[in-house]
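Listed features, source TrEMBL:
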{"type": "TRANSMEM", "residues": "B:12-34", "note": "transmembrane segment"}
{"type": "DOMAIN", "residues": "B:65-252", "note": "domain 'ABC transmembrane type-1'"}
{"type": "TRANSMEM", "residues": "B:69-91", "note": "transmembrane segment"}
{"type": "TRANSMEM", "residues": "B:103-127", "note": "transmembrane segment"}
{"type": "TRANSMEM", "residues": "B:133-154", "note": "transmembrane segment"}
{"type": "TRANSMEM", "residues": "B:175-196", "note": "transmembrane segment"}
{"type": "TRANSMEM", "residues": "B:236-257", "note": "transmembrane segment"}
């Protein structure tokens, strides 16, 4: 276990009556790109502050490179942070900004400007040394903040919603660049965001947080396709939920009674008891409309209530004929699909349904 | 809109009256400092620089001028330093009774200079500090520090706090954060409060009068000159004081201007 960059053990932190972190434990492998994803107030930024040393948690431990860093000041940690508002030094040139950390480490000015130059080239801003921060655009300042944080060669780079202030196009471009830079330097990156598309696009590992707890953690594919909890299924992408009750369990196959009929589902790795309340989570693209087959579970018929064009496809809000409360959102073809008001038969491929515990 | 010039006449007259009221005394003072005669009263007998020459050759006045500059620079530097450090402390750290501490720091702004001067006189007497320029300088720190604090504190936002955090994150120690990041970032506020303090200290009479004895500041020396009656020399030295105040205000204005243009 020597290649753990960060090891957070049972960290709890409260602000007055608000619990920002509630017994959080996680490990971040060295050299990976990890994303903390969650809505505001989920504790993701607090967790980043605890790792960066800006906040000492009320209980629990933080190990960085296997050393206890819980009470160590940010200056003495092998971490640096890229702040949301960039926090560049407005009175210094770009070169002095990037070289600041090296200056604090007592590195001579020649070596400093060499390394600052290399860092600026890495982020695509070679030659901007003599400019001042206010002469740069938002995206360029973002790169300077990144170069400044990387210049001191941290073991872990912390990024606090680094792309939050950029427009969508620039944001998608910076995502790709961040990922490329991370691969090039090999430093562990921990990136906080509330944008699930960003998290999926950029992360080797996605950590989904809600209300101070870790809801799910894994590769983007695993978290999207097999979310561990109801919250994860709803937050990471879109999902339709169908409540049900387990009737019988035979190995990894369970029979679930739902308002849309009795369904036989596979639930590998998860243990459900007969009589237990469950929720079936289905992604819009996993619904099968007006088609039958051996591997397709029929879900009955539904009326199209609303259609939204999403470029590559349409998204339809449906109303189930037998169950008014079930309003699934299904992906429909780009053209030639059902119209608003028409009735369709709904199905889903057996393996695509995710069975989750009903948490109330 | 139809222009009716005669309608604007009252407001123009009113404006002229206000500016006359404000500036006429100063204009008269400056004008008669050039009086080519023995009395600073009309009629103006001609223009001459002889009274300025007299000021230049008056050892006591020139000494007082030097004293005033020393007190103004010394007390303003001290006031800015103390004001900056207290603003930094209050803005960046969790302190007990923060609101009360802030109120206590700014409270001297509301106390009259006479009361502050008398209080310091009695205190210095009790402690055994003699009347001197240093004592007057301390008095000027007392009146200017709250102002410096208020100006600098108002400029310390959360954005700067984040920039200081970034400096610490990159390995800066506390003194490095203050000298390399906080103070340079607040440079316009520091500069403005320094020059404002200079202006106030330069003009200040009552505290200097109460707290100095042998070496005095220029306003105190002018006051003792006035006791022997009006003469164009007092006008000349008054014009010098006014001129330097104007320069300080212009410098201050330029700093505020620059800041306004940048943001």
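Positions of Cβ are set from backbone N, Cα and C atoms, glycine also.
Keep in mind that this is a model prediction, so the values were computed, not measured.
Sequence-remote contacts of a segment are chain residues at least 6 beyond its ends whose Cβ falls under 8 Å from one of its Cβ atoms, and for the transmembrane segment (B:133-154) they are 67, 70-72, 74-76, 78-80, 82-84, 86-87, 90-91, 102, 105-109, 113, 116-117, 120, 124, 186, 189-190, 192-194, 196-197, 200-201, 204, 207-208, 210-212, 215, 217. Within its own chain, the transmembrane segment (B:175-196) is flanked in space by residues 76-77, 79-80, 83-84, 88, 144, 147-148, 151-152, 154-156, 160, 163-164, 167-168, 248, 251-252, 255-256, 258-259, which lie at least six positions past its ends and keep a Cβ under 8 Å from the stretch.
Contact between the transmembrane segment (B:12-34) and the transmembrane segment (B:103-127) is absent: fewer than three CB pairs lie under 8 Å, with pairs separated by 6 or more positions in sequence. Same-chain neighbours of the transmembrane segment (B:69-91): 98, 101-102, 105, 133, 136-138, 140-141, 144-153, 156, 161, 178, 182-183, 186, 190, 193-195, 197-198, 201-202, 208, 217, counting only residues six or more beyond its ends whose CB sits under 8 Å from a CB of the stretch.
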